[in-house]
Each structure stands twice: as structure tokens, then as C-alpha cells.
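Features as listed in TrEMBL:
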{"type": "BINDING", "residues": "Cys187, Cys191, Cys194", "note": "[4Fe-4S] cluster binding site"}
{"type": "DOMAIN", "residues": "173-385", "note": "domain 'Radical SAM core'"}
{"type": "MOD_RES", "residues": "Lys399", "note": "N6-(pyridoxal phosphate)lysine"}
Amino acid sequence: MHKAEAPAEPLIIDDDEPPSSRLAIDTLYPAPPAGQPAIQLTRPVFILPARKTSSLRYPKLSPETKAFQKQFFPGSTARDWHDWQWQVRHRIHTYDRLHQILPLGPDECLADHAVQLPLSITPYYAGLIPKDVPDHPLRRCVVPTAGEWVKMPCESDDPLGEDHQSPVPGLVHRYPDRVLFLLTDFCSTYCRYCTRSRVVGHGGIRASRARWEKAIAYIAANANVRDVLLSGGDPLTLSDDRLEWVLSKLRQIPHVEIIRIGTKVPAVLPQRITPKLVKMLKKYHPLWLSLHFTHPDECTPDTRAACALLADAGIPLGSQTVLLKGINDSVPVMTQLMHGLMKMRVRPYYLYQCDPITGSGHFRTAIAQGLEIIRGMRGFTTGYAVPTYVVDAPGGGGKIPLMPDYGGSHTNDNLVLTNYENRSFTYPDPMPVQG
Ligand code: SF4
């Protein structure tokens, strides 16, 4: 998968040079047209001295991270740790290696070799998981358990019916004006509840230019497609050059208005968000990013730095979260996650009911639980912090939003509503006159 990756980028990359004082004066007071007098400055222009930019983009390694790195990746440096390609090369993808780092419990040992989705965890993400907390939420997200063997009658490998809405391999056209374009099946870290576990990590949707060209030709031939969502796998695990090739081709299609990228990279591999990548991405605006977050412990200083780079480049950031039993299925945890995201300038977007994917029963909550979480947030915190709770309808029906019941009964031309504190209010709303 990574044979084709570009060689490692240098860690220390300065941003663009700040303008010199001379350049700033020339910009403020350009030369007058021929024949007109030059503007005379009556007093010296105060130009701020060029700001010294720090070449260190990421926070210093914490003592805990240093100890973790020293114990499990001896000989590696801080520079290695901040290099996304080092992180990918050193991902944990065998059970023996995982057992060294996070000693496995009986349920986890049973999962060995038999599960559909491969094992992969970046050193960075593994370092966030305390080894002596067997049920730690981040551990449950990425360490397989025997629960993945259990297939419930309601479950299937393709519950959203994507394979039936795929006019070309790796492209799903479900809604009239937008398509889902799966660029790669590779992720640096695999989420155990992944909706696309049938294809992710198996080589089913290879990152090949021949396949991409077919998908791009389909988009070019369908003038109603104004929005392209790039997903996978994780598109940001591709090299800058390969990703730019796709973005530039899409930007040549006049009817493609916006491009979105779905990624979990800022949570599991924040080192990937380099100034060079961001500089490339911002050439293809309007470009939006949908970031996948699961738990407040993912809002680390490194992730904050990555989101800051993206937000500073004018890339709107939205979040997607899957509701997961024992991981984020409570009002306090969900609220803390959404607050953490807002502080990183990531707008909470969707909270997904966990899809009935094969082997996901141990992750799924009742829908009533999701509604209670929304009820416990709406009105109690900033409206922006409350995501839209959706069920992705099995069989390809698309996302259906769900809201707690806030009343809405009509009596005598009045609508009776219940607020977040369970108090009733009446809004004048005359019934339409018949005939
Ligand atoms: S990052 Fe997305 S595509 Fe990759 S394993 Fe997680 S949910 Fe699946």
C-alpha cells in the first residue's frame, strides 16, 4: 500500500515568509499612474517588525508520550514521532506486537486472526490508551474483541446497500446531487465498528489511477453532481501528490461546486496535517472536511494543532461521530466531546446510530438512548454543539434525522410545545382554513 508513498517529508517546515517592510509599503502605497505625483508620506509609516515564526508546529511530547516511545519504539526520536510516514510504517498490525504494548484480555485474544477487519493502530493513538484500563473507550474503538464474531439476524456486510448504488467501482451515487467517491481502502487505524469493513483494509477498493479515472469520468458525465465526498478508507493517508491529482481533476469539472473529504486522520494521525498538505488543499476551495471523532480523549494538543492548521486555511471543519455503547453513550461524555470539538473550531455535524454491520451488536445502543442524549444536550448547551442524530436507513434509504418529541399538538389554533426543561408553551398557529 505504501510502496508508492513519497519519501518522508522534513518535519520542520516554515510557513511562507512574512512580507518585508519595503514590500508592505509598496502594497499600502502603490506607485501612482504615469503623470500623477507620488504620494508623500508626512510621517514615517509604522510597520510591525517581521514576526518570528516558530518552526515547531506540534506541541512538545508529554512525559507520558516520551516514556511510551522510549519503551516501545527505542531509538526513535521526537522527529520520528512527528513524521506521519514513520507513524504509518510503525503502526501496530499484529496481535503479538499489540500484546506487547497493550496486554490482551481473554476476549481480545479470542479475536486473533478471525475478524473481518484488519488490525491497525498508529503508535500515536496506542499511546493514548492506558494499558491497565481494559474497558478504556479508545481501546474498545480499535482493539478487536470476540464480539466481532457474532452476527445478529439484523446485520449484514453492506447494510446501507452501497454496492447496489455503485455505477462504477468505489463510487456510490445515492442522492441526486452528490456522490461518495472511495479513494482508497487503507486507514492508518481501523475502527472496529467501521461501516465499510467489508471493503476496508482488504484491497477491495485499491487506490489506482485507472479506477479513479473511471469515477471522475462518471462525475464529469453527470451534470447534476455538484458535491463530491472523498472517503475510503482514509483519503488523507494518500501522498500529497496523489491526492492533489484527484482534487485537480475534480476542479476541472465545471458542475462540481464543492468537494468534501471524510477523514479520521486528525484523531488518529494528526502528524499528517502538515503545512505542505494544507497549502495544497487550500488551492481547491470550496473544500470542506468531515472529521471523525469518537471520544473526548481524542481532543489532544496534537489534534488541536492539526485542526488549527486546517481551520486557519479557511477549511470548514465538521464532525461525524458514531454512537457507541460503553464508549460515548452518555450525556456527559457526548457533551464533553462536542465541547472539545468546538474549542478546536470543529462544528458538530452528525451523530450516527451505529449501522447494523456484521459483528457490531456489542457496539449498538437503542435508538431511545441516542434520543435521550440529544434531549440532554439541546437547550443545556450551545446549539452549535448539538449534532444532528441520524439513522442511515438500511437498504440505501439515506440519512433520516431523529429528534426527541417536544410536543407539537394543536389545540384551538394554538401549537403546544415542550421546552428543554419540560415546561409547556403555547405558540399561536391558526389551522389552515379549509376550502
Ligand atoms: S477511519 Fe473510517 S473508513 Fe477507516 S476504519 Fe474508521 S470508520 Fe472505517
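Just so you know, glycine gets a Cβ as well, placed from its N, Cα and C.
Distribution of TrEMBL features across the structure.
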| residue | record | DSSP class |
| --- | --- | --- |
| Cys187 | [4Fe-4S] cluster binding site | coil |
| Cys194 | [4Fe-4S] cluster binding site | coil |
| Lys399 | N6-(pyridoxal phosphate)lysine | strand |
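Note on Cys187 ([4Fe-4S] cluster binding site): other Cβ atoms within 10 Å of its Cβ, all shown chains, come to 27.
Confidence annotation: the domain 'Radical SAM core' (173-385) carries a mean pLDDT of 96 in the model. Here Cys194 ([4Fe-4S] cluster binding site) comes close to Leu117, Val200, Ile357: these same-chain residues lie at least six apart in sequence, with C-beta atoms under 8 angstroms from its C-beta. Note: the CA-CA distance between Cys187 ([4Fe-4S] cluster binding site) and the residue listed as 'N6-(pyridoxal phosphate)lysine' rounds to 24 Å. Less than 8 angstroms from the CB of the residue listed as 'N6-(pyridoxal phosphate)lysine' sit Tyr350, Val390, Val391, Asp392, Ala393, each of them six or more residues away in the same chain. Listed in chain order, the residues near the [4Fe-4S] cluster site other than Cys187, Cys191, Cys194 are Leu117, Thr189, Tyr190, Arg192, Tyr193, Arg196, Ser197, Val200, Gly201, Lys264, each with its Cβ within 8 Å of the site Cβ centroid.
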